[in-house]
């Protein structure tokens, strides 16, 4: 086991800066904080002809260990604004920080002759840093702004004993093996190509099969819960998003508009404005509510290039999106209905909710949130009461609401110990008003419906990333792109039966494949294991002679089983039905 000590890692960041200063005396140090897992330091070498390579990390790490062994203390000194400016007069990054904090206390920490602008805290001396590892080099921008200087960032970790570092490095290797980007590449599920554009995923045939199977399952869940499927345009008039409020509150995440003829259009970042148009397409009565709509839609949202991460953060995504239009007295029933729908979907996908967040607005942030205190109080209290009444444990998260209303977020803890929002239920009193939605109530008067946004699985891209990392790519049979591989012992003697068997399995909608390559049997079996194919069938003389039986082996098992073809198909059907 290991535990990160922020104070220790902050001190290790200073040790890294000391080592860097020795090897690169002309550099400008920027910032070096402790982070959730370790530390980093950002800096500018101030020399376009000099770079730092992974090999350089070894010598820097070696120097860090020498410095740590010297038991240098971390001595605090408070300085004035003028003193700080003088001490760091040749470092524009430190001067920027000093200027930002000129009306606050400023301090530096000394370690021997070296010092840095820092608030602390730190350990007593460097000898407490018993184990150090520099992990990688990355790029960053000063203040995280692409318009500012590009800096070099070195990440590292520090512990107070070697055993913790060793345990962490083992865990880190496991994470690399579970990284959905690596698994996706190994299993030919998806790819990216800069010629297509950054952050624009290309679903390969194997990945498309997984996506199709998930969508088929989710469509069935939506059908069971009485949702009607619609299809709306991938483009929308800018006026649509101005009416909804997205243009005012979400503009930075929307791709630039394009003018076509006399219209200004944008690639849609979400479907909710379109679904209000479906609702308003006909006159609604209180008796016809709730209206439940679903769509699996392609959306486009701008992400900075530095924020793009495999399938987790992309610029084009496929979102499973549901919207309910209901009467106020139906809110509780519809929210609970959404809860049940999400739970059923997560159970089928093997996903378990870690905790539930009630995401609220920040009343002080008038720019991010629609300014209607009464609406926020009403909607947030409605969700809060519902969660309490049904004894559903939750955490309140201020500042995490959508701009138009509060939401219930279903948080999933991945095997990599990351907390990710997969499913969501959002209560919205704003959009129905902005689009003048109405229904005829029991008094034959117009009333405004409530809109509930429901995301059962979120985006398919993020869901696939989670599934790959949870399963290490060993997907259940119903999701596996290739469910069975048929391998003849001899391509000449056994190919005909292998083809006949393949045709029969495919007739039963089993995703089987033939491996008729002129390769060693052991190599074919090994490659089937690498591809994580759930079932392998080896066809030889015995299978053909013995009433055309099949001998199969499950992925990860050395044990083989011989059964009739019909019985094997029953095994597959049972696994698929139970979503094993």
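Each Cβ is built from the backbone N, Cα and C atoms, and glycine gets one as well.
These features come from Swiss-Prot:
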type	residues	note
REGION	179-476	region 'Catalytic'
BINDING	272, 323, 453	Zn(2+) binding site
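Projection of Swiss-Prot feature records onto the structure.
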residue	record	DSSP (3 states)
272	Zn(2+) binding site	helix
323	Zn(2+) binding site	strand
453	Zn(2+) binding site	strand
Tertiary neighbours of residue 323 (Zn(2+) binding site) (same chain, Cβ under 8 Å, six or more apart): 271, 272, 275, 292, 293, 294, 451, 452, 453, 454
Neighbour tally for residue 453 (Zn(2+) binding site), based on other Cβ positions within 10 Å of its Cβ: 23
Other same-chain residues whose Cβ falls within 8 Å of the Cβ centroid of 272, 323, 453, the recorded Zn(2+) site, in sequence order: 270, 271, 275, 321, 322, 426, 428, 431, 451, 452, 454
Segment confidence, the region 'Catalytic' (179-476), expressed as mean pLDDT: 91
Around the Cβ of residue 272 (Zn(2+) binding site), the count of other Cβ atoms that are within 10 Å: 21
